[in-house]
């Protein structure tokens, strides 16, 4: 068994936990009248973005487990009515927990060599470890988008909201 592989997986989960914690904290700052904010007509509204962001872990888990388009669509629809920070945060917590359970159930060979393909790109399989990296970057991408929306709404957010107290000492 290669312990370095499991160490890297754990580091990715640490990053995912940071994304989870900071996303939930950011969500709690959004006021009800700000959810419909849309920076441009061809972009998601803040609530649409938040719903997508919090659902990334569960949705991507379903996709990497090769669930059908109908099953994934059903998951997406299940969060369409949510419009409060607590409920949105709960979705993300449950998704991250399910993703961790799945990834932790895999042995080294499965992490590195088991390939699965999404229903929309059957010709592009990826190994489970790559899926984990992609999901982590996907979370950070949309968390960054949400942060930008919040800045545009003049909400009091800073680097500390993204990275915690450690960012207080960063200088550029």
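Note: Cβ is positioned from N, Cα and C throughout, glycine not excepted.
Just so you know, TrEMBL annotations are computer predictions that nobody has curated.
The divalent metal cation binding site annotation in TrEMBL covers 52, 138, 142. Reduced to three states, the DSSP call for residue 142 (divalent metal cation binding site) is helix. When other Cβ atoms within 10 Å of the Cβ of residue 142 (divalent metal cation binding site) are tallied across all protein chains shown, the result is 20.
The Cβ of residue 52 (divalent metal cation binding site) lies under 8 Å from the Cβ of 44, 142, each of these being in the same chain and 6 or more residues away along the sequence.
In sequence order, 49, 53, 56, 139, 141, 143, 145 are the same-chain residues whose CB sits within 8 A of the CB centroid of 52, 138, 142, the residues recorded for divalent metal cation being left out.
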